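Annotated features in Swiss-Prot:
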type: ACT_SITE; residues: Cys190; note: active site, thioimide intermediate
type: ACT_SITE; residues: Asp197; note: active site, proton donor
type: BINDING; residues: Ile88, Glu89, Ser90, His229, Glu230; note: substrate binding site
type: BINDING; residues: Ser90, Lys91, Arg258, Gly259; note: NADPH binding site
Amino acid sequence: MSSYENHQALHSLTLGKSTDYRDTYDASLLQGVPRSLNRDPLGLTADNLPFHGADIWTLYELSWLNAKGLPQVAVGHVELDYTSVNLIESKSFKLYLNSFNQTRFDSWEDVRQTLERDLRACAQGEVSVALYQLDELEGQPIAHLHGTCIDNQDIEIDHYDFNADYLQNATSGEKVVEETLVSHLLKSNCLITHQPDWGSIQIQYRGRKIDREKLLRYLVSFRHHNEFHEQCVERIFSDILRLCQPEELSVYARYTRRGGLDINPWRSNCNFQPSTGRLVRQ
């Protein structure tokens, strides 16, 4: 259980509650969650964050009416800067997007600008939005996370509660290595509803070699952990940085979609460019 799971700031969220689905535009449906809720317990302050990054969202269920009333469909790509005061709560994002369904817009650019404006206001930070017609994305191959997969280890695990101590003494030798490690076994749970969140994670670092068994045990320990996607990625970054002390570190997770949305947060303290292609489970 997260230390802030019952925080007052979460009580007003529509997440986990019965809600009406509106099909006419309503920006008030968007709800933000303060990033400070998970950053404060990690000792992270807004003016001294050890990383940069973004939350990348893919919007698969986006539709509205053009000026003549003809339905339009698009795939949206949203990037929410890590410095924003709030992250966007995903159910509220879904409800907000539903409110476009029977709303007329003069152009695709009007839709894009509306999304960008409203998301910036909710997040209290920088947001960029791009919209794609379906034929622009057709035929794109399924992507994969570059790196060495650490999942096929012959180890026995019987503890699934979060424990950062798996990373204690997880480095060895004095030689500096550069590695990119990947796991598809990341599973955590929604902070509010405790529904499962499934993801793949890429960890790229430069530093003393990290023991892959200990790293995998650490990642599997998220299996009963309740936090939002973005919060899990920042926790993983912070734990590896603190306990393994790499010179450079990037953590990137791509989660399976829910409600027509997938969330793909990344955090890095070096020059890192995330690949944004859809993975096989997305």
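Here the Cβ of each residue, glycine as well, is placed from N, Cα and C on the backbone.
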What is the Cβ neighbour count of Arg258 (NADPH binding site) at a 10 Å cut-off, with all protein chains included?
16
Count the Cβ atoms, other than its own, that fall within 10 Å of the Cβ of Glu230 (substrate binding site), considering every protein chain shown.
25
Would you mind ranking the recorded positions Glu89, Asp197 by how many other Cβ atoms sit within 10 Å of each Cβ and giving me the lowest?
Glu89
Env. residues of NADPH site, Cβ within 8 Å of mean position of Ser90, Lys91, Arg258, Gly259 Cβ:
Phe93, Lys94, Gly260, Leu261
Filter the recorded positions Ser90, Asp197, Glu230 down to those whose C-alpha lies within 10 angstroms of the C-alpha of Gly259 (NADPH binding site); answer none if the list is empty.
Ser90
Pairwise Cα distance maximum in Å, substrate-binding residues per record: Ile88, Glu89, Ser90, His229, Glu230:
11
According to DSSP, does Glu89 (substrate binding site) fall in a helix, a strand, or coil?
coil
Taking only C-alpha atoms and a 10 A limit, tell me which of Ile88, Lys91, Asp197, His229, Glu230, Arg258 are near Cys190 (active site, thioimide intermediate). These are the recorded positions.
Asp197, His229
